[in-house]
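Structure first, commentary second.
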Amino acid sequence: MSASSLLEQRPKGQGNKVQNGSVHQKDGLNDDDFEPYLSPQARPNNAYTAMSDSYLPSYYSPSIGFSYSLGEAAWSTGGDTAMPYLTSYGQLSNGEPHFLPDAMFGQPGALGSTPFLGQHGFNFFPSGIDFSAWGNNSSQGQSTQSSGYSSNYAYAPSSLGGAMIDGQSAFANETLNKAPGMNTIDQGMAALKLGSTEVASSVPKVVGSAVGSGSITSNIVASSSLPPATIAPPKPASWADIASKPAKQQPKLKTKNGIAGSSLPPPPIKHNMDIGTWDNKGPVAKAPSQALVQNIGQPTQGSPQPVGQQANNSPPVAQASVGQQTQPLPPPPPQPAQLSVQQQAAQPTRWVAPRNRGSGFGHNGVDGNGVGQSQAGSGSTPSEPHPVLEKLRSINNYNPKDFDWNLKHGRVFIIKSYSEDDIHRSIKYNIWCSTEHGNKRLDAAYRSMNGKGPVYLLFSVNGSGHFCGVAEMKSAVDYNTCAGVWSQDKWKGRFDVRWIFVKDVPNSQLRHIRLENNENKPVTNSRDTQEVPLEKAKQVLKIIASYKHTTSIFDDFSHYEKRQEEEESVKKERQGRGK
């Protein structure tokens, strides 16, 4: 039922009998009690939208009001001149900070809910003032002049950015600083307003502003602590004021330094990793490249030595890239320390090479150590070849082109090694040793063939991601002999082998071949001494024989020779201490 229809049904000239002191008058209300609320407008104000519009068309205008006259206080019988006033959501009128409760969402609607689309906060039923969450103030001992709806009305704001303040007057003929509904402010969100006399004295008064009201100053709310901090009166400078300014800026500076410190170290770390790895020669900076040329010109006895020399030149480059930053300097020094340890026992660094050297061995036979090495099958001669490797190549015809992979009789097994050190020594001494269970299986296979066909072993290092070669089993297992050359002393037994292929073949070349005797898993996902059926073994041997490799363990043969010498010296020292 619209307000315009109610105007035609109600007579004029009857006063309101309902007071604001008590709201428990459900049964005693008459239709004449609401005459002041719905009477025709004596002084219409065309600046506001008519109340008959259910959905306010000017919802997003800077300010929205209702066309009630000032002489007829709509919901108050105390003669107050409050008028309903609503503001648009988040509207700033005169550039003032919007720190006061907004009238659009700060007042309760029907049954205490939020008004819908800017509708006024009165209840839908005129007799339902007792449902107002803020209207029942009979127990507060306040004046009876204010009604349950007094907190829902506000005077037109002047310079508070569309916020609502009770008791404000926007017209010159109205009394300033008059807030009749202050008894309900303590109970609602509308009470959030400036309550400090010092703030009121420091802020200039504006017509219609209730900042300087004495009745409002008693209502201090904790949430209004921010505005006084920003508009506090000037005080003489003291050490506390001076210290407070750096205190606000200092965390930001520390945060920036922290961010800069955390973002700057990665480039030098990556730069040093490029220098220290076996694969990359370090073409990033000029200083490492010069050191690399010097290392190539020196006589090479082992691969770790150039790495250590090259790593010692890396910290100045890292420091130069960082500049005057002092925080990123500590990370680079441990790297030369680690590489110096690797110069003595380069086990950690060496095991990085098999996995990543595919990108570092495309430089005309020069590996990541900066030492000229011959790639297997490439035909190039090393600048400083190792004598042991040259002797092995002269005796054995590695990677033959006329290999007969189409076997009529024979057996093939997968061999998984713990490290490339053992692969190096197997090639060097032409022997191998498996686990106790593996030795029995290989020995039985060799004896079952009885010379009718070969027993091939497909070697792969755990975690390397490639097969490193193929060897043929040449003798039965001797269980009573310990070779004593392996990187670990737990292996017992020995049998002779002859290496045929020494090349790195990635698992991606062989992953499509699956073994029906191993749950149909790829041949690359096999355990030690896993037998490969003959038909599948032919496919594997064909791929390995025809694969054009770029890397092999021969590229790091000098490195493993040095490692073996170091291990043997350590064993001799232990034996000398034991005696």
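For all residues, glycine too, the Cβ spot is worked out from N, Cα and C.
Annotation for Tyr418 (RNA binding site): spatial neighbours Val461, Asn462, Ser487, Gln488, criterion Cβ-Cβ under 8 Å with sequence separation of six or more. According to DSSP, Tyr418 (RNA binding site) is assigned to coil rather than to any helix or strand. The RNA binding site feature in Swiss-Prot is assigned to Lys416, Ser417, Tyr418, Asp422, Trp432, Cys433, Asn462, Trp486, Trp491.
Residues annotated as compositional bias 'Polar residues' in Swiss-Prot: 291-316 (among others).
The feature compositional bias 'Low complexity' is assigned by Swiss-Prot to 337-349.
For 359-371, the entry in Swiss-Prot reads compositional bias 'Gly residues'.
The compositional bias 'Polar residues' annotation in Swiss-Prot covers 372-383 (among others).
What Swiss-Prot records for 410-544 is domain 'YTH', and it gives sequence analysis as the kind of evidence.
Annotated N-acetylserine per Swiss-Prot: Ser2, in sequence order, evidence recorded as similarity to another entry.
Swiss-Prot lists Ser2 (among others) with the feature phosphoserine.
Per Swiss-Prot, the feature phosphoserine maps to Ser4 (among others); the stated evidence is similarity to another entry.
According to Swiss-Prot, the phosphoserine annotation covers Ser5 (among others).
Residues annotated as phosphoserine in Swiss-Prot: Ser22 (among others).
Residues annotated as phosphoserine in Swiss-Prot: Ser39 (among others).
Residues or ranges marked as phosphoserine in Swiss-Prot: Ser196 (among others).
The phosphoserine annotation in Swiss-Prot covers Ser359 (among others).
A 10 Å cutoff on Cβ-Cβ distances gives Ser394 (phosphoserine) a total of 8 other Cβ atoms nearby, all chains included. The feature phosphoserine is assigned by Swiss-Prot to Ser394 (among others).
Residues or ranges marked as region 'Disordered' by Swiss-Prot: 1-45 (among others).
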Integer Å value for the Cα distance linking Trp432 (RNA binding site) with Ser394 (phosphoserine) is 21
Around Asn462 (RNA binding site), how many other C-beta atoms are within 10 angstroms of its C-beta? 9
What whole-number Å value do you get for the CA-CA distance of Trp491 (RNA binding site) and Ser394 (phosphoserine)? 30
Distance from Lys416 (RNA binding site) back to Ser394 (phosphoserine), taken between C-alpha atoms, in Å: 27
Measure from the Cβ of Trp432 (RNA binding site) and count the other Cβ atoms within 10 Å, all protein chains considered. 29
